[in-house]
Amino acid sequence: ATVPLTMDGLDLQKVAGMWHSMAMAASDISLLDSETAPLRVYVQELRPTPRDNLEIILRKWEDNRCVEKKVLAEKTECAAKFNINYLDENELIVLDTDYENYLFFCLENADAPDQNLVCQCLTRTLKADNEVMEKFDRALQTLPVHVRLFFDPTQVAEQCRI
């Protein structure tokens with residue numbers, strides 16, 4: 001896999017709650033280049049399940065409207081890595097989180113790791129935080145991502161409403 005597992009343990013209960021997609025990065029521009037791009041998804045909430053899986057509530061544009069989806073990330077032996085089934089992506093890796101302010105994750109296709117890689121920076125509030133953005137940028141340096149999108153708080157609030 002392309003994405004290194006840098007987190008030792010992940011406390012799922014602590015990542016629960018509302019989040020905002022403040023920045024995205026991808027290995028290929030077509031994954032993010034338009035509102036309707038396949039992996040341009042806006043995370044709303046993370047919900048741990050009783051079996052230590054993670055339910056991800058997200059929104060994306062489809063047929064000119066914003067739709068809400070639920071994606072189940074199933075736990076693996078490694079705390080920060082989950083198996084998912086979303087489009088061609090089959091792994092979700094949590095790169096880093098401090099639980100209170102930010103969480104970085106990547107989605108990848110383990111069978112073609114260099115082709116489809118998308119990472120996101122989630123924040124708890126809509127406040128732009130340069131320190132977190134720099135940290136996200138550093139976390140991406142070892143990854144084959146060539147496209148980055150940073151949203152300002154106003155854009156985030158408007159990005160996909162239901």
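Every residue gets a Cβ built from N, Cα and C, even glycine.
According to Swiss-Prot, the features are:
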DISULFID  CYS66-CYS160  disulfide bond
DISULFID  CYS106-CYS119  disulfide bond
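Between the CA atoms of CYS106 (disulfide bond) and CYS66 (disulfide bond) there is a gap of 22 Å, rounded to the nearest whole number. The disulfide-bonded residues CYS106, CYS160 differ in how many other CB atoms lie within 10 Å of their CB, and the one with the most is CYS106.
Ranking the disulfide-bonded residues CYS66, CYS119 by how many other Cβ atoms lie within 10 angstroms of each Cβ puts CYS66 at the bottom. The two recorded residues, CYS66 (disulfide bond) and CYS119 (disulfide bond), have Cα atoms 21 Å apart. A Cα-Cα distance of 18 Å separates CYS160 (disulfide bond) from CYS119 (disulfide bond).
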